[in-house]
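Here the structure comes first, spelled out in structure tokens, and everything after it is commentary.
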Amino acid sequence: MEAIINPIITKLYEQESLTQEESQQLFDIIIRGELDPILMASALTALKIKGETPDEIAGAAKALLANANPFPRPDYDFADIVGTGGDGHNTINISTTAAFVAAACGLKVAKHGNRSVSSKSGSSDLLDSFGINLAMSAEDTRKAVDEIGVAFLFAPQYHGGVRHAMPVRQTMKTRTIFNILGPLINPARPNIELMGVYSEELVRPIAETMLQMSMKRAAVVHGSGLDEVAIHGETTVAEIKDGKITEYTLTPADFGLEPHPLEAIKGGVPEENKAIITNILTGKGTDAQLGAVAVNVALLMRLFGHEDLKANTQQAVEAMNSGEAYQLVQQLAAHA
């Protein structure tokens, strides 16, 4: 192992970027629990200070996917809608809520998530409060995607090896490459993804990373401080289509909506969030809350080939108003 790891660590000390293969080798050793914690901290720090390249991120993601527990991958188009978290704004659980609304609009979603990073209640905390089984088997999860159109893959169940990095990450108390890997390592391996990132500087590099992860169609977004499509300002988008990246900006008007202040979509602790999300999914939320979810669903629908954002937004709002989106929450809770 030293023959593999020493040249990689030396390269990082010299602030040289790793090839995708070298990054994959490094993270393979980390995930198998074979790297000394001091060396791991050194490598993660060197990567952070240098700035992780798309090759390094893709290599790390491929190592984690190669070591993940298996999932029976659907042979149809299906998506993940996910944010890195860590934007520090504690909004309502937009992407989790949007997953149910997207399914009510006819899309297939296999959402990968974990406990909270930035909101007081992460997606798994919220699903837990609705009685959705986070420990559902891979087979049952796949069946839920087939039959209900939406299911949730809880990261620790598939990525046990990440625990080897936890003590180092907790001691370092700073963002590392692991903070951006979560959305790239969905064990179901979706071919469509809407991914929000906590910094505008990450939009292009993450899109370049996704290009190497053989996505059919994807978009990376940062919305005026949020790791989501914004309803309070502009959203920077890098979209992957036909193997090319197109960058553009979206505003609430592009979705046919009025802007709303960021304060209007603040979240709470899990119990409060449960009430807020129930209201949204039954059409009883505020215009800001419904809009915040609808714009994210609308962009995800575009990735499935429904290009008209305004029509998509209306369809998403209707799926909430009709209560159809909330029925899927109940179906998923009853599924296991």
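Placement of Cβ uses the backbone N, Cα and C atoms for every residue, glycine included.
Keep in mind the model is a prediction, meaning the values are calculated, not measured.
Annotation source Swiss-Prot lists 5-phospho-alpha-D-ribose 1-diphosphate binding site at Gly83, 86-87, Thr91, 93-96, 111-119, Ser123, citing sequence analysis. Per Swiss-Prot, anthranilate 1 binding site is recorded for Gly83, Asn114. The Mg(2+) 1 binding site annotation in Swiss-Prot covers Ser95, Glu228, and the record cites sequence analysis as its basis. Positions annotated as anthranilate 2 binding site by Swiss-Prot, on the basis of sequence analysis: Arg169. The Mg(2+) 2 binding site annotation in Swiss-Prot covers Asp227, Glu228 and rests on sequence analysis.
Within 10 Å of Glu228 (Mg(2+) 1 binding site), counting C-alpha to C-alpha distances, fall the following of the binding-site residues Ser95, His112, Asn114, Arg169: Ser95.
Among the binding-site residues Gly83, His112, Asn114, Arg169, the ones whose Cα sits within 10 Å of the Cα of Asp227 (Mg(2+) 2 binding site) are Gly83. In the structure shown, the C-beta of Ser95 has more C-beta neighbours within 10 angstroms than that of any other entry among the binding-site residues Thr91, Ser95, Asn114.
Counting every protein chain shown, 28 other Cβ atoms lie within 10 Å of the Cβ of Asp227 (Mg(2+) 2 binding site).
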